[in-house]
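Participant: Got these off Swiss-Prot a minute ago, pasting:
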- 1-5: topological domain 'Cytoplasmic' (TOPO_DOM)
- 6-24: transmembrane segment (TRANSMEM)
- 25-330: topological domain 'Lumenal' (TOPO_DOM)
- ASN69: N-linked glycosylation site (CARBOHYD)
- ASN325: N-linked glycosylation site (CARBOHYD)
Amino acid sequence: MRFYRTYLLVAGAFCSLCTLAVIFNCGWDDSPPATPSAINGGGSNAPLISSPTNLPETFLYISILTSPNETERRQNVRDTWFRLSTKGPSVFIAKFAVGTMGLAAEDRRLLAEENEKFGDLALLDRHEESYERLAKKTLACFVHAFANFKFKFFLKTDIDSFVRITPLIINLKQIQDPMLYWGFLDGRAKPFRKGKWKEPEWNLCDRYLPYQLGGGYVLSYELIRFLAINAQLFRHYRNEDVSVGAWIGGLDVKYVHDPRFDTEWRSRGCNNEYLITHKHTEQEMQEMFENLKKTGKLCAKEFQKHPSYVYDFSKAPSECCTRVNGSNIP
């Protein structure tokens, strides 16, 4: 019995010493904190993601994808739909996203001068512009926004899209969801195997996963956070909108299909209910702006070039989207 008691005392003392050693080594770690590049896998190509604290705050961050040489198109946007709202940066902040990697010194100088004058460029110094890298650029926009701004929602749109910013924000406040993915949803598209939009890397299934068309779509902050933090893990498909749909396809996403997003590869026409309308010339953008200022309506006359649809969530994605000629669907 005496031996047993001695054994227990020795074993207890040994365990106590081990516990103290573990607490000392783990609880008072004086090593430096992990850097953003370490968090994201390290390496010179790792996107730097800072902790989103003490950042400028806004309700809606807008990223407009544009090329370095599209100076006139950027000015066209400033002169048209940027002027539709007098709300300050607490409501929305809009930035033109431009890749600067590989640019000539003169091009960089011109962009720097433009940004000094207007303060509305997001210069992506780790991105080299090309159509083949559009998905990568979109992801870089997510990373840049997450690292530099605090927002509730993110709108990705194109330089040839016209945005009715006030009704867009009003509607967004009505439907806001922490996992929102809002736009014109497609679930039955088959991958292109040749041509400009071919997808040689797509092998998940014989159709694309449901995705919002690329002329303009809204993502919640939580989805942007997920995309930014995991940016290095994603495969980049040729089409940026297809890529986004695939990247978040396994999450508990709140999909909202809205025919008021005229955001397909070609415009469906003109409808006064449109919140965003895509594929327009500078002249068309100016005309829509003048119409809104004079009459409060987007269109001088409504018309439909191509039929729209309402997404049927009760059916399989491949059967989701039946276009109806002559309907009142925007």
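Cβ from N, Cα, C; glycine included.
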Participant: Counting only other Cβ atoms and using a 10 Å cut-off, which of the glycosylation sites ASN69, ASN325 scores lowest?
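Facilitator: Sparsest of the glycosylation sites ASN69, ASN325 by Cβ contacts within 10 Å: ASN325.
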Participant: Between ASN325 (N-linked glycosylation site) and ASN69 (N-linked glycosylation site), what is the CA-CA distance rounded to a whole number of Å?
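Facilitator: So the Cα of ASN69 (N-linked glycosylation site) lies 39 Å away from that of ASN325 (N-linked glycosylation site).
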